[in-house]
Amino acid sequence: MTPTTMTFFQRFEADILSGKKTITLRDDAEKYYAPNSVVTVSTFEEGREFCRLKIVSVEPVLFDALTGYHAEQENMTLAELRDVIQAIYPGIQQLFLVSYQLVDA
Ligand SMILES: CC(=O)Nc1ccn([C@@H]2O[C@H](CO)[C@@H](O)[C@H]2O)c(=O)n1
């Protein structure tokens, strides 16, 4: 089954809603999002729904291949992005880049 929900850490909510953060990098547990599907998004901490996102694409990318362009789409520097990913997924190499668009309410 294609997943219909996604969680984000609460601290990223404002960047998602303002359109400053347009991708997320996940591990292989979350590679099954289907392009053109719409997912309901909630905070990881409290499960509070805060938007819907349309999945644009899901592409494999290696941690070592991350660039400043990926970081820009996360509204971070590349060093910040690498630190965030290592904190969430220690030692990870294979990531999946999920790009999305905010769906109007
Ligand atoms: C809550 C949960 O289940 N998992 C994740 C996993 C990742 N992320 C964010 O995606 C980008 C790259 O990993 C960064 O912006 C991360 O902070 C997130 O918010 N929540």
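Including glycine, each Cβ sits where the backbone N, Cα and C put it.
The domain 'ASCH' feature in TrEMBL is assigned to 6-104.
LYS21 (active site, proton acceptor) falls outside any helix or strand according to DSSP and counts as coil. For LYS21, the entry in TrEMBL reads active site, proton acceptor.
Feature annotation from TrEMBL assigns active site, nucleophile to THR24.
Summarising the annotation, TrEMBL assigns active site, proton donor to GLU74. In the three-state DSSP assignment, the secondary structure recorded for GLU74 (active site, proton donor) is coil. Other Cβ atoms within 10 Å of the Cβ of GLU74 (active site, proton donor), summed over all protein chains shown, number 21.
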Residue pair THR24 (active site, nucleophile), GLU74 (active site, proton donor) - Cα distance, angstrom, rounded: 7
Distance from LYS21 (active site, proton acceptor) back to GLU74 (active site, proton donor), taken between C-alpha atoms, in Å: 5
